[in-house]
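Written below as C-alpha cells is the structure these notes are about.
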Amino acid sequence: MADSKAKPAKAANKTPPKSPGDPARAAKRLSLESEGANEGATAAPELSALEEAFRRFAVHGDTRATGKEMHGKNWSKLCKDCHVIDGKNVTVTDVDIVFSKIKGKSCRTITFEQFQEALEELAKKRFKDKSSEEAVREVHRLIEGRAPVISGVTKAVSSPTVSRLTDTSKFTGSHKERFDQSGKGKGKAGRVDLVDESGYVPGYKHAGTYDQKVQGGK
C-alpha cells in the first residue's frame, strides 16, 4: 500500500549569495599580501669588494666552480696577481704554507671565511711595520676589486735568431737570389737559372730595340 503521508519539502536555502564585494578593497588586500610575501623573502646579501675578488679567482679556469670555495692553485695566483707576494716578506712558499695550515686536513679548498684567516696570517709578514688591523686592511686593499690576470697571450719576440731567419735582406748565397730588394719572392726566377738567349749583354739598356731601328730606317 502506497505511503499516503506526504514527505515534507526541503527547506529552501535562505542564505543570500555573497556579493562580489568592492573591487578597490580586493585590490588593497592583494597588495597587502604581496607586501607580506616580499618582506618574508630573504634578500640576497650584497657582496663586498673583497668577496667579489675571491669569487672571481675561485672560478678562474674551472667552469664547474661555484665561487664559494678556492683551490690552492687559484689561491697562489690571487696572491701573485694582487702583489701579496712581494718576493721579500712574503714568498710563494709562505703562501703555500698558510694555505695548508688554514684548510681542513681532508679538504683541498678553502671557504671565504678561511680565506680571510689566511690573509690575516700573510698580513703579519707582508706589513711587519704596521699593527695587525692596519696590516689586514692593507692586504685587503691589494685584493679588493681585482680579477685574475689572463696570461698566455702571444707576443712578438725580437731575437737575433728570429731576425736572421725572417729578414730577407740578411740572406746569403742562393737564398738571397730568391727575393728582390723589397723582400718579395721572385718565384721560379729565384729558384732556377734562366738562360737569356736574346743575344744582348746582361744589363744592356736598349735590349730589344734593334728590330725597331732597322724597320724605322727603311
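Glycine is treated like the rest: Cβ placed from N, Cα and C.
In Swiss-Prot, the feature phosphoserine is attached to one residue out of SER34, SER163, SER174, namely SER34.
Note on SER31, SER100, SER198: Swiss-Prot annotates phosphoserine at SER31; no matching annotation appears for the rest, which is not proof of its absence. Listed in sequence order, the residues of the same chain lying 6 or more apart from CYS82 (Zn(2+) binding site) and placing their CB within less than 8 Å of its CB are ALA53, LEU142, ILE143, ARG146. For the recorded positions listed here (THR91, SER151), the lowest count of other CB atoms within 10 A around the CB belongs to SER151.
Counting every protein chain shown, the number of other Cβ atoms lying within 10 Å of the Cβ of CYS79 (Zn(2+) binding site) is 28.
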